[in-house]
Amino acid sequence: MAEAEDAVFDKIMTMVGDRGSFQKRFNYLFNVGQIIFASMAYMNIILALSVPDHNCYVPGRENTNFSVDEWKSIVLPRENDNRGMEVFSSCKMYNITGVDVQEVWSNTTKAEEVFNETISCTHGYIYDKQWYERTAVTQEDWVCDKDLYVTNTFVLNRVGECFGTFIFGQLGDTIGRRIIYYLSMILTISGRMLSIVTSSSFLMFSIASILGSCAANTAFMSPLIIAMETSNVEARAHIAMMQCVGWTAGLCIMPMVFWWVRDWVWLLALTTLPYGIFALFPKYMVESPRWLANRRRFGDCAKQLNRIAKINGKDVEITEKMLVQMLPSSTEENIYGIASLFSSWRLAKNACLLVVSWSICCIVYLSIILNISRMGGNPFVNFLWQSLIELPASVIGQKLGDIIGRRYTNVIGFLLAAFGCVPVIFMVKNTELDIYATAFTVFVKFAITINFFAVNLQSMETYPTCLRQTGISISAIIANSLGVLGPYIVYLGTNFDARYPFIIMGLLLLLGATSSLFLPETLYEKLPETLQEAQEFGANQSFWFFPRAPSKDSKDPKTHSEENGKTDDVTEKLNQPQFQP
C-alpha cells in the first residue's frame with residue numbers, strides 16, 4: 001500500500017474499531033492464554049533433559065557392612081569439578097572386578113594396589129532422586145560418554161527452529177498468518193509427543209525434537225503480528241507486553257508441574273497436549289485484514305473487517321467495492337522474500353543490526369536457562385525465580401520503551417546484563433557466594449528480558465507489512481543458528497571452568513549494546529507498509545535522535561506526505577456518502 005492508502009486503511013481500522021472488544025478478546029485469548037501453553041510446549045524439553053547428580057553403580061555393598069557413604073568413599077575416586085572442588089567422580093570407578101572389597105580395604109598394602117586403577121562405569125549409574133524420579137537423561141543413561149547427547153539435543157532444537165522459521169516465516173507473508181498459526185500448533189504438539197515414544201533411539205528422538213521446535217517461533221509471531229496489524233499505534237508496546245506476560249506465566253507454571261509429577265513423560269504430556277485447546281476457537285483467529293489488503297485480496301479483507309466491526313459493536317459495513325475504490329492507486333509490489341530485505345543499504349543495515357541483537361539475546365537467554373539445572377539448590381525453584389523476574393522486566397521494558405524509545409531501551413538492557421556478568425565471574429567458583437552469584441545471574445536474566453522485549457518490538461515496527469513475518473523470521477533463523485553456541489557455552493562451564501560462560505556472555509552483551517545504537521528509533525513512527533517505506537525508514541533521524549510524542553491534536557504519527565505539507569485526501573475519501581456508516 002502506498003502512503004495515502006496506508007493512511008486510508010488506518011482510518012478504516014478506526015471505523016471498525018482498532019482498540020475495542022475484538023482486540024481485547026483476541027489478545028487475552030491468543031497473546032496471553034495461548035502463549036502460556038505454547039511457551040510450556042516449547043520449553044518443556046529443557047526440563048525433561050535435566051541431569052541430576054550421578055555416580056557409577058558399583059555392586060557388592062550388600063555383601064559388606066559398609067554404609068552408602070562409606071562404600072562411595074571406597075569404590076569411587078575423587079576429582080576436581082568445574083569449580084575446583086574435590087568431589088566423587090561422576091563417571092569413574094575403581095577396578096574392583098573379582099576383589100573382596102572388605103578384605104582388601106582392611107589391608108593397606110593391597111588397598112593401595114587395587115584402589116589405584118580407575119575405569120569407566122561398567123554396571124550403570126546411580127542417580128540422585130531428590131528432585132526427579134525420572135528424566136529422559138536418567139531413563140536412557142545420557143551421561144558420561146553420552147553427555148553430549150543432551151547438548152546436541154538442544155542444538156538440534158535450534159536447528160529445527162532455523163529450518164522451520166525459514167520456511168514458515170516466509171509462508172506467513174505468502175499464504176497468511178492464520179494458517180501458519182494452526183500449522184505451528186500441530187507440528188509442536190506432534191513433535192513433543194513423538195519425543196516421548198522415541199527416546200530409546202537417539203536418532204528418532206532427535207528427529208522428533210526438530211519437528212517439535214521447527215514451528216515454535218511462528219507460533220508466537222503469528223498472533224502477535226495479527227494483533228499489531230489490527231490495533232492502533234499506541235497499543236503496540238502493550239500487546240508485546242501481554243505476550244511477555246503469557247510467556248512468563250507459562251515458564252512459572254511448567255517447573256511446578258514437573259515438581260509435582262517428577263517424571264519427564266508426564267511433564268511433556270501435561271504441558272503440551274492442552275496447547276491444542278486453542279484450535280477450538282477458529283472464529284476468533286482472524287486473518288490480518290492489513291495483510292489481505294496489501295495482497296489486494298479485498299473481498300477477504302472486507303469479510304475480516306466486518307467481523308472485527310461486529311465484535312466491536314460498530315454499525316458499519318465494509319464492502320469489496322468500497323475497498324477497491326478507496327485503495328485503487330497502486331498495484332501489488334514485487335516482493336522477493338528474504339532477498340527484498342537487502343534491496344537497499346538502509347533496510348539491509350537495519351536487518352543486519354536487528355539480527356545481531358536477536359542473536360545475542362538468544363545466546364545469552366538460552367545459556368542462562370540451560371545453566372539453571374547446574375546451579376545448587378532446588379532446580380524447580382531456581383527455574384521459577386528466573387521465570388518470575390521476566391514479568392517485572394517486561395513491564396519495565398514497556399515503560400522504558402514508551403518513554404525513552406526502543407533503541408535506548410535496547411542499549412540499556414545490554415549494558416545492564418553485561419555489568420551483571422562481571423561479579424558472577426569472580427563469585428561463581430566460591431561455593432560460599434552461591435546465593436550472590438545466583439542473584440546476579442537472575443539480574444542478567446532480568447536485563448536480557450528487557451532486551452528481548454525491545455528488539456521484538458523494534459522488529460515488528462521496522463519491517464514492512466509485506467515482509468514483516470519474513471524479516472522477523474530471518475532474524476530468528478540466524479539467531480537460532482548462532483544460538484546453537486549456547487549449549488556449548490554451558491558445556492564449557494560445566495566440564496571445564498564455571499567462569500567461561502559469563503566471560504563469553506559479557507563480551508557478547510557489550511557488542512549488542514554497541515550495535516543497537518545504530519538502529520533507527522521506532523517509537524511514535526508509523527508502521528511501514530511497503531518496501532519503499534521500509535527502505536526510507538529512519539532516514540530523517542540523527543544519531544542522537546530522541547523520540548517525541550505526536551502533537552496533542554493528532555493521535556496518529558504523521559505520514560511523510562503530511563510532514564511535507566501535502567494535502568491529505570484520506571478524510572475527504574472517508575467523508576464521501578458511500579463510505580459513511
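Glycine is treated like the rest: Cβ placed from N, Cα and C.
Marked as compositional bias 'Basic and acidic residues' by TrEMBL: 550-572.
Annotation comment: TrEMBL describes 86-524 as domain 'Major facilitator superfamily (MFS) profile'.
What TrEMBL lists as region 'Disordered' is 548-581.
Annotated transmembrane segment per TrEMBL: 28-51 (among others), in sequence order. For the transmembrane segment (28-51), the residues of the chain that approach it from at least six positions outside its boundaries are 131-132, 135-137, 142-143, 147, 150, 153-154, 157, 185, 188-189, 192, 195, 209, 212-213, 216, 219-220, 223-224, 226-227, 239, 242-243, 245-247, 249-251, 253-255, 257-258, 264, 267-268, 271-272, 274-275, 277-278, 281, 284-285, 369-370, 373, 379, 383, judged by C-beta separation under 8 angstroms.
As annotated by TrEMBL, transmembrane segment applies to 203-227 (among others). Beyond its flanks by at least six residues, the transmembrane segment (203-227) meets 23, 26-27, 30-31, 34-35, 38, 41-42, 45, 136, 152-153, 156-161, 163-165, 167-169, 172, 177-178, 180-181, 183-185, 187-188, 190-192, 194-195, 239-240, 243, 247, 285-288, 460, 468-469, 472-473, 476, 480 of its own chain at Cβ-Cβ distances under 8 Å.
Residues or ranges marked as transmembrane segment in TrEMBL: 239-258 (among others). Through the fold, the transmembrane segment (239-258) approaches residues 27-28, 31-40, 43-44, 47, 132, 220, 223-224, 227-228, 231, 264, 267, 270-271, 379-381, 383-384, 387-388, 390-391, 394-395, 397-398, 449, 452-453, 456-457, 460 of its own chain, all at least 6 residues removed from its boundaries and within a Cβ separation under 8 Å.
If you look up TrEMBL, you'll see 264-286 (among others) marked as transmembrane segment.
Outside the transmembrane segment (351-373), and at least 6 residues removed from its termini, the chain residues within Cβ reach (under 8 Å) are 43, 46-47, 50-51, 154, 341-342, 379, 382-383, 386, 410, 414, 417, 441, 444-445, 448-449, 451-452, 455, 458-459, 462-463, 471, 474-476, 478-480, 482-483, 485-487, 489-490, 493, 501, 505, 508-509, 511-512, 515-516, 518-519. If you look up TrEMBL, you'll see 351-373 (among others) marked as transmembrane segment.
The transmembrane segment annotation in TrEMBL covers 408-429 (among others). Counting residues 6+ beyond its ends, the transmembrane segment (408-429) has Cβ neighbours under 8 Å at 83-84, 357, 360, 364, 397, 400-401, 436-437, 440-441, 443-444, 446-448, 450-451, 453-455, 458, 498-499, 502-503, 505-506, 509-510, 512-513, 516-517, 519 in the same chain.
Annotation source TrEMBL lists transmembrane segment at 435-454 (among others).
Nonlocal intrachain contacts for the transmembrane segment (474-494), taken as residues 6+ away from its ends with a CB within less than 8 angstroms of a stretch CB, comprise 82, 148, 150-152, 154-155, 158-159, 161-162, 165-166, 169, 217, 221, 338, 341, 351, 354-355, 358-359, 361-364, 366-367, 370-371, 374, 459, 500-502, 504-505. The feature transmembrane segment is assigned by TrEMBL to 474-494 (among others).
Same-chain residues lying 6 or more positions outside the transmembrane segment (500-519) and placing a CB less than 8 Å from one of its CB atoms are 349-350, 353-354, 356-357, 360-361, 363-364, 367-368, 371, 406-407, 410-411, 414-415, 417-418, 421-422, 424-425, 428, 444, 448, 451, 455, 458, 462, 489-490, 492-493, 538, 543. Here TrEMBL flags 500-519 (among others) as transmembrane segment.
Looking just at the domain 'Major facilitator superfamily (MFS) profile' (86-524), the mean pLDDT is 86.
Taking Cβ pairs closer than 8 Å, the transmembrane segment (264-286) reaches residues 25-26, 29-30, 33-34, 37-38, 40-41, 44-45, 47-50, 132, 134-136, 139, 178, 181-182, 185, 188-189, 192-193, 195-196, 223, 226, 230, 253-254, 257-258, 304, 307-308 in its own chain, all 6 or more past its ends.
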